[in-house]
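Trainee: Have a look at this one before I ask anything.
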2 protein chains.
Amino acid sequence: MQRRSFLKKASLGAVAGSAAVAAPVFAQDAPTLNWRMPTSFPRSLEALYGVGELMCRYIGEATGGKFNIRPFPGGEIVPALQVLDSVQNGTVECGQTVSYYYYGKDPTLCFDAAVPFGLNARQMNAWMFQGDGMKLTREMFKAYNIVNFPMGNTGVQMGGWFRNEIKSVEDLKGLKMRTAGFAGEVLSRMGVVPQQLAGGDVYPALEKGTLDAVEFVGPYDDEKLGFNKVARNYYYPGWWEGGPQISLYVNEKSWEALPKSYQAVIETASRLALVETLSRYDAWNAPALRRLIANGAQLRAFPREVMDASWDAANAVYKEFSDRDPKFKAMYDNYMSFRDSSVPWFRAAEGAYDQYLSAALSRAR
Amino acid sequence: MQRRSFLKKASLGAVAGSAAVAAPVFAQDAPTLNWRMPTSFPRSLEALYGVGELMCRYIGEATGGKFNIRPFPGGEIVPALQVLDSVQNGTVECGQTVSYYYYGKDPTLCFDAAVPFGLNARQMNAWMFQGDGMKLTREMFKAYNIVNFPMGNTGVQMGGWFRNEIKSVEDLKGLKMRTAGFAGEVLSRMGVVPQQLAGGDVYPALEKGTLDAVEFVGPYDDEKLGFNKVARNYYYPGWWEGGPQISLYVNEKSWEALPKSYQAVIETASRLALVETLSRYDAWNAPALRRLIANGAQLRAFPREVMDASWDAANAVYKEFSDRDPKFKAMYDNYMSFRDSSVPWFRAAEGAYDQYLSAALSRAR
């Protein structure tokens, strides 16, 4: 430290009196930093953990190797679902996670990730960066000493794998399904019995019949876990996850201690991660879905009756939560009014375009 | 220069012998650079020109103010549609533009932006970053001494403003429409007479009746130009622009002369711009469309017959271009096979989700 301080003064002295010379980068402006970034994901999730690694690589490169952030798979230095706590406490400087994992602390946190019948991936970006999303989530995370950055989105997830066909709301009754958080709350209103299981325990439970259904992510991630061998009915859409956002949490003190240039690097690199995550899912889900279908998966849409009952159940939960918690209500109102304003535009141009292409390609086959 | 060289040696001397000290950033690693970035856009297009400005600001911040890129509105230092040429010649170091403006040089360039019935915004990112898009477009731009970076997407554009209703393909015959490039080529096969007009001339031509129709961008940009006062029929979707990508062109020599850290900063900042552009359009188009409708615009979908005829005309043009140009064919085949592979996945989860939300919200009103 003393050495760096000396260098700084020496440089300042040398520059003084010459306004024309290119300003040197002072040691204090570009400190060497080594941060740790626990994540909530196993190494095998290349669109989540893999993108975290990529972001760290870019941050290192952009700072000439001086700002090093090392990612860790879930459970390695911090339990997968305690990333928020460890960043909040300053045990680590930052973490990569999904805010709906912390539903138990406060359901309002889910608006930083996904809520039932919420925004799709593009609408989420629009709300975060152009609507009030960044402002409101930053205010919310202040209570956790966290500065949050969107750093990924999975797109709409699948509704999951079901041993038996779901033909009506009746078929959901008593169904033991691996799901949690907000989705679990809403599904339980329709008779589903939500089960919270760690990733590795899901397949055996499904095989043994302890579970009747499981929702995980989408074709690309699901394929690796082999659910299609046990539960062939693959339902869409995952109405509880229209565009789940992945977040970078940075400890507030760590953030404030960063030079402005490193802050800008985090901001831009997290946006690269955001594009990268969604583009990986969008590119990789399509062929994975084809392979799953070739291997016996039955692709099915939830019946309209089930969707309508889910919609009603979700709105009932929203009303309850809003009635009892003004902070939830304020976030909910802002988020949903953005959704309600966006959907008609997306239905017109985007919807018509996508639907026409889909119909034309089916016809051309 | 001599001064900087002296500083560098002095720093090296001071550091020698102390491995523990934080490595200083040497002047040669972080040179002060001043670049110019002509764009193809007027200042008024905040989601295009405005995002270019924002990207430059981030690049400056991330490099501690040392890498300065100054944006210029179209026509200020380079004509709006000659950005490619000026970057190619090294007149400027970089530029912000849309590759389909250079359809006249080579229609294959359009695959870096949008082609009729091509990829939507998310599919475009997926093809660029996970498919062969970056590789193939980089190869293509080598002939122009350009290194390209996606830095924006408008989402699906509108089909444009028509004085009269379009009820059949017959209604397109002889229609004088402001459009150009690939869209113009396809539309001309259906009897449209494409007219190329600079932005400022469009409104008067429409008012006088010299033009029967005009396509520009989407609700947010269109609203400012006041087309709805003259041509009330506002059609969707712009099937010739499913997800037009905005590009940053960097002169190859300028790129290669950059330190690795500045290259990483350009890469990440261009991705921030990509997210920013699309999120601005997605957020701003929705309320603009509502205002336009409140002010008399008649929102209409192109009839299925017109869409089908457009689809056939586009495919006929694709076949002609592919037959006569193997380079076009190679790009076309790669791009379209990505589209054909992606669409079924997007139809399932994303499509079902968006459509359900849209229906549920209409019902709830």
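Glycine too: its Cβ is placed from the backbone N, Cα and C atoms.
Caution: TrEMBL annotation is automatic and unverified by curators.
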Trainee: According to TrEMBL, B:Gln157, B:Glu215, B:Glu241 bind substrate; which one of B:Arg138, B:Arg178, B:Arg189, B:Arg232 is listed for that same site?
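Mentor: Candidate listed by TrEMBL for the same site: B:Arg178.
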Trainee: Would you list the other residues of this chain near substrate - those whose C-beta lies within 8 angstroms of the C-beta centroid of B:Gln157, B:Arg178, B:Glu215, B:Glu241 - in sequence order?
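Mentor: After dropping the recorded site residues, what remains is B:Met158, B:Gly159, B:Gly160, B:Thr179, B:Ala183, B:Phe216, B:Val217, B:Gly238, B:Trp240.
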Trainee: Select the most exposed residue of B:Gln157, B:Arg178, B:Glu215, B:Phe216, B:Glu241, where exposure means the fewest other Cβ atoms within 10 Å, treating these as the binding-site residues.
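Mentor: Across B:Gln157, B:Arg178, B:Glu215, B:Phe216, B:Glu241, these binding-site residues, the one with fewest Cβ atoms within 10 Å is B:Phe216.
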Trainee: Among the binding-site residues B:Gln157, B:Arg178, B:Glu215, B:Phe216, B:Glu241, say which ones reach under 8 Å of chain A by Cβ distance, listed as they appear in sequence.
Mentor: B:Gln157
Trainee: Roughly how wide, in whole Å, is the group B:Gln157, B:Arg178, B:Glu215, B:Glu241 that binds substrate, by largest Cα to Cα distance?
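Mentor: Looking at B:Gln157, B:Arg178, B:Glu215, B:Glu241 as a set, their Cα atoms extend up to 15 Å apart.
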Trainee: How big is the Cα-to-Cα gap, in Å, between B:Gln157 (substrate binding site) and B:Phe216 (Na(+) binding site)?
Mentor: 8
